[in-house]
């Protein structure tokens, strides 16, 4: 990893230091995804079979996972893994249940009541990537809030393996959260199928889940077309660590590597006011890399990442807020005291004993988070992500008589005569 001194960089160099590996979508990626989506919309399952054979190397007669396959998955998953997933589900449920809203009602004027009522989204589609490794934890993170929200139907897509099966742990994770319909589909084609529907898959109202640049681009394209809403831009993973001189170099290095091993397009950043800490972390990276099975992938990610020396921790937080990381680790002596300075981050991890990996798996928070700077305006997945808040209002005759004059003045100011007339008729006055 490159070591940079922030104070020695001009504006352009600072911008370059914070640029993600996948900051923009290449035109060819955009065009390829658009063509794939159009093919799925036109030819349905036939297109899915051809695309799956080409990209996943397997020919499928049926995309739906059968009951026999679910049973085989249950038998294949080791008891300790199943128990770990059950424990994670319990904590994810506890955290997400605590944040649920039941709506509210308020009388805004005598005889005028305004409400918010909560309704589940009817049918949702969950995407669980497999890429270089299956991610059953993502099935847990999406399935639990979908269940709590009360969605009528939940569909899950995950890429098939070369033998036409799906990773058993993903199937068990799906069942643990109540998901019954799982399809062997990956990539942009899965997004297209869930958005528009095919002979095998129903069209969904909203799509959830992370993925590579093709999946992220597909989600954005189907959302722009109005076919399905999406949770957020959720692309390659990233972490930013702010560490002081008292941080443990081995811990910091381990946190950086835990994100770097996700893929070559991941990005990890360290900001510290301590030259000694930066040097020690750099040395620890080499020590720990030698022990990793995915060292080659991690090295590719580290080649595009930075160790940045700052003058003060205040400067570090200013940089972090500008970057708006998916994951932000505060390896500081008084981490909670600095929390007030965090303005934009998907999820924050406080102190030396809160590795980002806990949030990935089992602390209870959700690991489906905004990336690529989207944390400035988006939040991570929650139960509310799977619900609609519907506005309701009711006015009595006394109510409209009391506030109608306000509506008349505003309607006339906007030149909307029919609006004014709809109020005036009920009030028994001239529009």
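Glycine residues also receive a Cβ, built from the backbone N, Cα and C atoms like all the rest.
According to Swiss-Prot, the NAD(+) binding site annotation covers 127, 189, 212. According to Swiss-Prot, the substrate binding site annotation covers 237, 259, 262, 327, 360, 414, 419. What Swiss-Prot lists as Zn(2+) binding site is 259, 262, 360, 419. Under the heading active site, proton acceptor, Swiss-Prot lists 326, 327, citing sequence analysis as support.
This view paints the features noted in Swiss-Prot onto the structure.
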| residue | record | Cβ contacts under 8 Å, 6 or more apart |
| --- | --- | --- |
| 127 | NAD(+) binding site | 156, 157, 158, 190, 191, 194, 207, 208, 209, 210, 211, 215 |
| 189 | NAD(+) binding site | 36, 40, 47, 48, 51, 52, 55 |
| 212 | NAD(+) binding site | 129, 131, 187, 235, 236, 263, 265 |
| 259 | substrate binding site | 237, 238, 239, 266, 267, 268, 301, 327, 356 |
| 262 | substrate binding site | 236, 237, 297, 301 |
| 326 | active site, proton acceptor | 237, 238, 239, 345, 346, 347, 369, 370, 371, 375 |
| 360 | substrate binding site | 137, 258, 367 |
| 414 | substrate binding site | none |
| 419 | substrate binding site | 407, 411 |
For residue 237 (substrate binding site), the number of other Cβ atoms found within 10 Å of its own Cβ: 24
Neighbour tally for residue 327 (substrate binding site), based on other Cβ positions within 10 Å of its Cβ: 25
Diameter of the substrate binding set by C-alpha atoms, the set being 237, 259, 262, 327, 360, 414, 419, in angstrom: 55
Conformational class of residue 419 (substrate binding site) under the three-state DSSP mapping: helix
Reduced DSSP assignment, residue 127 (NAD(+) binding site): strand
